[in-house]
Amino acid sequence: MKSTLMTASLLILVVLFIIDYASVYAEFIDGEISLERERDIPCFETCMKLYHIPKLCYIKCRKH
């Protein structure tokens, strides 16, 4: 009985660790996407002033 209880407790701890890691990683990815968008906005605006072609500017600025 103690062995089953210990195994269940360990399994719960592992699941909680995985969930915590996933949430931290998701926040990191969300932050990276926000930073990428902030960098793309000035690029896109400058490109539009020069070329006036939204599709070209979108492709050009996404490569940075």
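Every residue, even glycine, has its Cβ placed from backbone N, Cα and C.
Database features (Swiss-Prot):
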- 1-26: signal peptide (SIGNAL)
- Cys43-Cys61: disulfide bond (DISULFID)
- Cys47-Cys57: disulfide bond (DISULFID)
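Here the features listed in Swiss-Prot are placed on the structure.
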| residue | record | CB count, 10 Å |
| --- | --- | --- |
| Cys43 | disulfide bond | 16 |
| Cys47 | disulfide bond | 19 |
| Cys57 | disulfide bond | 20 |
| Cys61 | disulfide bond | 18 |
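It is 8 Å from the Cα atom of Cys57 (disulfide bond) to that of Cys43 (disulfide bond).
Counting in whole angstrom, Cys61 (disulfide bond) lies 8 from Cys47 (disulfide bond) by their C-alpha atoms.
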